[in-house]
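Peer 1: Can you keep this structure in mind? I'll have questions shortly.
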């Protein structure tokens, strides 16, 4: 039996459109929803199993991507947003009405500073870049998934076309390590 991973990947990956130029993310509130405008195509979209990311009801993974912080603007009902954990690297701003995480900028000194994490399934528009891998797969155990299901879940992710990792994908991990090495002087800046 197939696992319910996330509603936007359970039946295959969404299709990217070359004409997608950004759009509007909308929370789940039926009255006064929070709206966030994102300019341009998103990057590094992936399914994520961490316990920090917002997930739709019944999903064991989130779908999360990044955009440049300068390309992300709260346009309506921003007064409903509250930072979930001020000590976290990703400052996840959640709607106090429905709980959806609407945007999460990285503001501290980090390789991802200047990027904002978003959940692209909240776009009104279609055509955003689909997930390309799965991160922090083992972390779904921390949220209650039976470890005996993990081999099947990893196999299902691969069938969908999402390589499962227990960190980020190799390219992003190399980027973080390179940034850290330059910061420490181990590599030339």
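Cβ from N, Cα, C; glycine included.
From Swiss-Prot, for reference:
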| type | residues | note |
| --- | --- | --- |
| DOMAIN | 20-166 | domain 'CENP-V/GFA' |
| BINDING | 27, 29, 95, 98 | Zn(2+) 1 binding site |
| BINDING | 48, 50, 53 | Zn(2+) 2 binding site |
Peer 1: By Cβ count within 10 Å, point out the most packed of the binding-site residues listed: 27, 29, 53.
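Peer 2: Result of the Cβ crowding comparison: 27.
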Peer 1: Can you give me the residues near the recorded Zn(2+) 2 site, meaning same chain, not 48, 50, 53 themselves, Cβ no more than 8 Å from the center of the site's Cβ atoms?
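Peer 2: Checked against the 8 Å cutoff, the neighbours are 49, 51, 52, 55, 61, 62, 64, 135, 136, 139.
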Peer 1: So around the Zn(2+) 1 site, 27, 29, 95, 98 aside, which residues have their CB within 8 A of the centroid of those CB atoms?
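Peer 2: In sequence order, the nearby non-listed residues are 28, 33, 34, 80, 96, 97, 99, 100, 102.
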Peer 1: Rank the binding-site residues 48, 50, 95, 98 by the number of other Cβ atoms within 10 Å of each Cβ and report the first-ranked residue.
Peer 2: 48
Peer 1: Which residue counts does DSSP yield for the domain 'CENP-V/GFA' (20-166) in the helix, strand and coil classes, in that order?
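Peer 2: Helix (H, G, I), strand (E, B), coil: 28 helix, 51 strand, 68 coil.
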Peer 1: Do me a favour and check the Cα-Cα span between residue 95 (Zn(2+) 1 binding site) and residue 53 (Zn(2+) 2 binding site); whole Å is fine.
Peer 2: 14
Peer 1: So of all those binding-site residues, 48, 50, 53, which one's Cα sits nearest to residue 29 (Zn(2+) 1 binding site)?
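Peer 2: When the Cα distances are compared, 53 comes out closest.
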Peer 1: Tell me the Cα distance separating residue 98 (Zn(2+) 1 binding site) from residue 48 (Zn(2+) 2 binding site), rounded to the nearest angstrom.
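Peer 2: Residue 48 (Zn(2+) 2 binding site) and residue 98 (Zn(2+) 1 binding site) have their Cα atoms 20 Å apart.
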